[in-house]
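Comments concern the structure below.
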Amino acid sequence: MESAAEKEGTPGGGSQRVAEGARPRPAAGGEGARDLDGSPEAGDGEERNGLAGTKTTEDAEEIKMDLAVVKQEVVDWSDLDSGVADSQWVKQEVEGGPEVKDEKGVLEVKQEADSSLVVKEEEVDEPEVKEEKVKVKEEVTDWEEVKEEDLTIKQELFVGQNVKEEQVMDAAPIKEEGSLKSEAMEDAKVKEEPQMNPRVGSKRKLALSRCETCGTEEAKYRCPRCMRFSCSLPCVKKHKADLTCSGVRDKTAYVSLQQFTEMNLLSDYRFLEDVARTADKVSRDTFLKRPKRKKYLFFMKNRARKQGIYLRLLPNGFSKRKENSTVFDHRKQQFCWHVKLQFPQSQAEYIEKRVPDDKTINEILKPYIDPEESDPVIRQRLKAYAQSQTGVQILMRVENMQQNMIRYHELDPYKSLSDNLKDKVIIEYPTLHVVLRGSSNDKQLLQVKSESAQKLGNGN
């Protein structure tokens, strides 16, 4: 049947196969031929009927089966080779046979007689591709080994953290021991505090004492100079005015050897250091090195000599030179003296500045001891002088004499200051000693009065 079909086939004697889904081509010159759709072919198509038609259908079915196998192999080959997958057609060669083409242009298959396909030969490369993929997997396994090494390193780091934790655990008991020691020290301090309480005794003594100015309130302050207790600022100011106290500690005050402590030694050392520093500062000061107004000082001496007063001036740096405020008034042609008043019975001392020389001594003493015109605070301080019935006596020490020979001039309270200072030696400014006349029981004052009276008698 196959030989008959081949004979009744195409004029070339070759068999014609159509791919699956492809339509057969019409034979050249055939009148009665038809295509797969049933259209009549050109030529004598009416003669081809019967057995030849059945054989062609069987051959077509075999061709379809072969094409199905080829199609499967083409699909597998397209997955491996990307270049062939992009193409939408396949050629299959057949020895000594014509090419079968699809009219729609879907696929062109070429098949050889021995049914050896080119596609099968190209599929041999597929295992090589798989082996390459296996190699890639082996490389990945190498990376996994590296990750495992990193994990071991992290474990070593964790071991170092454990060491730190052990150090922290070791340091914790040390801190606890330190806290116990600090608590023990605090307990010791608490126990020692009752022993330090005797220092508070001086504060308690100060609190129990009364104010020496008002006498009603408890004392809160103590003057570092006169050591008097005070309770408030008004009392402090009042005691300074009554006692003429500066409130500054006397650094040169006498301290007995029994009462001499390390604080006194430190005070003396600091005092000497201050003196040395002041002297060095003065020696470096260019302003102080300039010549003083010596002409004015000579003028003061000459004017005092014309009035019969022997004025002596001390060098710069002495306290009396700094305190002296005596000036000469050119308009009134008179001296304005710096006068110091001392009241031994009340242990008081006052200073009068710019006192005109034509003013009497009674006028100078009136603001101090006058019962009516004196200041109430000063009158209270000088109560012994204000209430005295015998009056007062004004004395002035004789200058330019030996220290063991104390002499005093007795001044007339009804004369002016210039008349009382006439024919006398004055060092910087006059100092008047106001004493009570009825205090003859005091030997020191008695000696002073006797010497002053003798001096006054010899002068007459």
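Glycine residues also receive a Cβ, built from the backbone N, Cα and C atoms like all the rest.
Taken from Swiss-Prot, the feature region 'Disordered' applies to 1-61.
According to Swiss-Prot, the feature compositional bias 'Low complexity' maps to 19-28.
What Swiss-Prot records for SER39 is phosphoserine, and it gives a large-scale study or a structure entry as the kind of evidence.
According to Swiss-Prot, the SUMO2 cross-link annotation covers LYS71 (among others), on the basis of similarity to another entry.
Under the heading SUMO2 cross-link, Swiss-Prot lists LYS101 (among others).
Annotation comment: Swiss-Prot describes LYS110 (among others) as SUMO2 cross-link.
Annotation comment: Swiss-Prot describes LYS130 (among others) as SUMO2 cross-link.
Positions annotated as SUMO2 cross-link by Swiss-Prot, on the basis of similarity to another entry: LYS137 (among others).
The feature SUMO2 cross-link is assigned by Swiss-Prot to LYS147 (among others).
Residues or ranges marked as SUMO2 cross-link in Swiss-Prot: LYS154 (among others).
According to Swiss-Prot, the SUMO2 cross-link annotation covers LYS164 (among others).
Taken from Swiss-Prot, the feature SUMO2 cross-link applies to LYS191 (among others), supported by similarity to another entry.
Feature annotation from Swiss-Prot assigns Zn(2+) 1 binding site to CYS211, CYS214, CYS231, CYS235; the stated evidence is sequence analysis. CYS214 (Zn(2+) 1 binding site) falls outside any helix or strand according to DSSP and counts as coil.
A Cβ distance under 8 Å defines the sequence-distant neighbours of the zinc finger (211-245), meaning residues of its chain 6+ beyond its ends; these are 347-350, 377, 380-381. The annotation zinc finger is assigned in Swiss-Prot to 211-245.
CYS245 (Zn(2+) 2 binding site) falls within neither a helix nor a strand when secondary structure is assigned with DSSP, and so counts as coil. Sequence-distant neighbours of CYS245 (Zn(2+) 2 binding site) (same chain, 6+ apart, CB under 8 A from its CB) are CYS223, ARG225, CYS226, ARG228, HIS239. Taken from Swiss-Prot, the feature Zn(2+) 2 binding site applies to CYS223, CYS226, HIS239, CYS245.
If you look up Swiss-Prot, you'll see LYS449 (among others) marked as SUMO2 cross-link, on the strength of similarity to another entry.
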Q | the zinc finger (211-245) [mean pLDDT, rounded to integer] | A | 89
Q) By the DSSP assignment reduced to helix, strand and coil, which category contains HIS239 (Zn(2+) 2 binding site)? A) helix
**Q.** Among CYS211, CYS226, CYS231, CYS235 [binding-site residues], residue with fewest other Cβ within 10 Å
**A.** CYS226
Q.
Same chain only, sequence gap of 6 or more: which residues have a CB within under 8 Å of the CB of CYS214 (Zn(2+) 1 binding site)?
A. CYS231, CYS235
Q: Counting Cβ neighbours within 10 Å across all chains shown, tell me which of the binding-site residues CYS223, HIS239 comes out on top.
A: HIS239
